[in-house]
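All remarks here apply to the structure that follows.
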Amino acid sequence: MNPNQKILCTSATALVIGTIAVLIGITNLGLNIGLHLKPSCNCSHSQPEATNASQTIINNYYNDTNITQISNTNIQVEERAIRDFNNLTKGLCTINSWHIYGKDNAVRIGEDSDVLVTREPYVSCDPDECRFYALSQGTTIRGKHSNGTIHDRSQYRALISWPLSSPPTVYNSRVECIGWSSTSCHDGKTRMSICISGPNNNASAVIWYNRRPVTEINTWARNILRTQESECVCHNGVCPVVFTDGSATGPAETRIYYFKEGKILKWEPLAGTAKHIEECSCYGERAEITCTCRDNWQGSNRPVIRIDPVAMTHTSQYICSPVLTDNPRPNDPTVGKCNDPYPGNNNNGVKGFSYLDGVNTWLGRTISIASRSGYEMLKVPNALTDDKSKPTQGQTIVLNTDWSGYSGSFMDYWAEGECYRACFYVELIRGRPKEDKVWWTSNSIVSMCSSTEFLGQWDWPDGAKIEYFL
């Protein structure tokens with residue numbers, strides 16, 4: 001074969017191969033078009049929302065993922081999951097002991113990292129996850145602006161949330177709303193957060209729903225409008241929230257607001273025999289919401305508000321048991337008071353909680369009767385109704401040689417199971433006023449959940465050494 005014949009043969013072969021490749025490409029394109037236009041598709045769907053794979057993994061807000069491959073390019077089409085309002089249909093699980101749930105070691109880590117100064121922490125869950133919440137002071141522990149963070153109210157505070165058991169940092173915290181008093185809860189569809197800000201005599205609350213401001217409430221007594229400092233609870237979209245405006249050492253005006261999708265359905269003044277209400281810790285079960293609160297005026301026993309979210313009504317009383325759970329407090333008496341404050345708190349108090357479930361009742365309190373140190377859980381059957389009830393079992397959470405602080409209840413209402421697992425957190429305050437060699441006041445968090453087993457015990461201190469900050 002001469003050179004010219006070789007060239008012609010090679011060219012013809014290349015032309016045939018090229019033609020075959022073009023035909024394969026046209027066939028592939030036709031098949032893909034046919035698949036996308038096949039009659040069995042559901043063409044009535046609304047316009048889908050496209051996201052990348054990393055959003056699907058992190059947020060977990062979507063389902064029904066369809067992936068079609070065209071020429072090595074992934075096109076991901078997703079639909080937003082439809083969620084319903086959560087209903088409080090279950091009762092509490094039997095509580096025999098408490099296991100560790102979360103601990104952020106924020107002050108220890110903050111000795112050498114950009115950890116935010118916080119206080120008034122809590123835990124709240126949604127259908128996808130549980131997160132830590134707290135009121136930030138707008139500075140880090142090591143920052144110079146941490147000087148003076150012992151003060152509760154300023155223009156620099158904000159409700160933030162961050163992943164469970166991580167410390168709150170500039171990088172992992174999400175701002176929910178701006179203010180120095182807060183509550184937040186998920187109704188099954190989305191989250192409602194409430195923040196209060198402003199001067200003492202003219203504060204106001206902004207109610208956020210689905211990350212947008214929906215409603216505002218102005219002060220009614222012009223004396224530090226304030227709310228729960230832990231999560232609220234929702235039933236069938238109705239989310240009651242307890243507010244107080246007025247004196248911390250005398251009569252005040254408490255209201256229970258009923259919200260749905262961030263809008264006010266109704267509000268009512270405090271009813272029942274409780275004389276003073278602050279900083280309620282709430283939980284829900286069997287279509288009822290129970291809130292254990294703080295009587296800062298007179299009571300060393302804790303007031304309780306029981307709310308019917310269906311009828312949107314409530315009543316109040318005190319925990320009858322002589323096992324007193326506020327701080328400061330006197331030694332436990334022989335007989336408690338159901339409808340009156342038990343004296344001895346010297347116009348002071350601390351946020352606390354309880355699970356009031358007949359023989360399955362547990363009360364939380366500081367171990368010290370004079371200062372915010374130590375923490376223990378006590379099983380006190382029928383504490384709500386029996387004025388002579390006594391502890392039958394206990395578990396130490398924080399030793400009396402270690403600092404504690406506020407405490408409150410929370411539950412994961414979306415966890416699997418036939419009952420709700422009771423959970424709580426304890427604020428571990430460090431810095432001023434007790435440790436005045438440093439200029440700041442902050443905290444870490446430890447949280448526990450109930451077990452039906454009789455588990456071994458351990459204590460859970462904050463663990464930071466103040467001398468490392470000097």
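Please read every residue number as a count from 1 along the shown chain.
Placed from the backbone N, Cα and C atoms, the Cβ positions cover glycine too.
The annotation topological domain 'Intravirion' is assigned in Swiss-Prot to 1-14 on the grounds of sequence analysis.
Per Swiss-Prot, the feature region 'Hypervariable stalk region' maps to 36-89.
Annotated N-linked glycosylation site per Swiss-Prot: Asn42 (among others), in sequence order.
Sequence annotations record features per position, and here Swiss-Prot assigns N-linked glycosylation site to Asn52 (among others) based on sequence analysis.
Annotation comment: Swiss-Prot describes Asn63 (among others) as N-linked glycosylation site, evidence class sequence analysis.
The N-linked glycosylation site annotation in Swiss-Prot covers Asn66 (among others) and rests on sequence analysis.
What Swiss-Prot lists as N-linked glycosylation site is Asn87 (among others), and the listing cites experimental evidence. Cβ neighbour count for Asn87 (N-linked glycosylation site): 15 (other Cβ atoms within 10 Å of its Cβ, all protein chains included).
If you look up Swiss-Prot, you'll see 92-470 marked as region 'Head of neuraminidase', on the strength of sequence analysis. Here the region 'Head of neuraminidase' (92-470) has a mean pLDDT of 99 out of 100.
The disulfide bond annotation in Swiss-Prot covers Cys93-Cys419 (among others). Residues within less than 8 Å, Cβ to Cβ, of Cys419 (disulfide bond) and separated from it by at least 6 positions along the same chain comprise Lys90, Gly91, Leu92, Cys93, Thr94.
When secondary structure is read from DSSP and collapsed to three states, Arg119 (substrate binding site) falls in the strand class. Taking the Cβ of Arg119 (substrate binding site) as reference, residues of its chain lying under 8 Å away and at least six apart in sequence are, in sequence order, Ala134, Leu135, Gln137, Thr149, Asp152, Gly405, Tyr406, Glu427, Ile429, Thr441, Ser442, Asn443. Among the features that Swiss-Prot reports, substrate binding site is placed at Arg119, Arg153, Glu278, Glu279, Arg294, Arg372, with the record citing sequence analysis.
Feature annotation from Swiss-Prot assigns disulfide bond to Cys125-Cys130 (among others). For Cys125 (disulfide bond), the same-chain residues lying six or more positions away in sequence with a CB closer than 8 A to its CB are Arg131, His186, Phe410, Met411, Asp412, Tyr413, Trp414.
Summarising the annotation, Swiss-Prot assigns N-linked glycosylation site to Asn147 (among others) and lists experimental evidence as the type of evidence. Look at Asn147 (N-linked glycosylation site): DSSP puts it in coil. Neighbour count (other Cβ atoms within 10 Å of the Cβ, all protein chains): 12 for Asn147 (N-linked glycosylation site).
Here Swiss-Prot flags Asp152 as active site, proton donor/acceptor. Neighbour density for Asp152 (active site, proton donor/acceptor): within 10 A of its CB lie 15 other CB atoms from the protein chains shown.
Residues or ranges marked as disulfide bond in Swiss-Prot: Cys177-Cys195 (among others). Annotation note: Cys177 (disulfide bond) sits in a strand segment as assigned by DSSP. Cβ neighbours of Cys177 (disulfide bond) (same chain, under 8 Å, six or more residues apart in sequence): Ala158, Leu159, Ser193, Ile194, Cys195, Val206, Trp208.
If you look up Swiss-Prot, you'll see Cys185-Cys232 (among others) marked as disulfide bond, on the strength of sequence analysis. Under the DSSP three-state reduction, Cys185 (disulfide bond) is assigned to strand.
As annotated by Swiss-Prot, N-linked glycosylation site applies to Asn202 (among others). Shown in sequence order, Thr219, Arg222 are the residues of the chain, 6+ apart in sequence, with a C-beta less than 8 angstroms from the C-beta of Asn202 (N-linked glycosylation site).
Counted over all residue pairs in Arg119, Arg153, Glu278, Glu279, Arg294, Arg372, the record's binders of substrate, the longest Cα to Cα distance measures 21 angstrom. With respect to Cys293 (disulfide bond), the closest of these binding-site residues in Cα terms is Glu278, chosen from Arg153, Glu278, Gly299, Asp326, Arg372.
Comparing the Cα of Gly299 (Ca(2+) binding site) with the Cα of every entry in Cys130, Cys239, Cys280, Cys338, Arg372, these being the recorded positions, the smallest distance points to Cys338. Between Asn348 (Ca(2+) binding site) and Arg294 (substrate binding site), the C-alpha separation comes to 9 Å. Each of the disulfide-bonded residues Cys338, Cys449 was scored by the number of other CB atoms within 10 Å of its CB, and the largest score is that of Cys449. The recorded positions shown are Cys185, Cys232, Cys291, Asp295, Cys338; of these, the one with its CA atom nearest the CA of Glu278 (substrate binding site) is Asp295.
For the pair Cys232 (disulfide bond) and Cys282 (disulfide bond), the C-alpha distance works out to 6 angstrom. Cα to Cα, Cys320 (disulfide bond) and Asp326 (Ca(2+) binding site) are separated by 13 Å.
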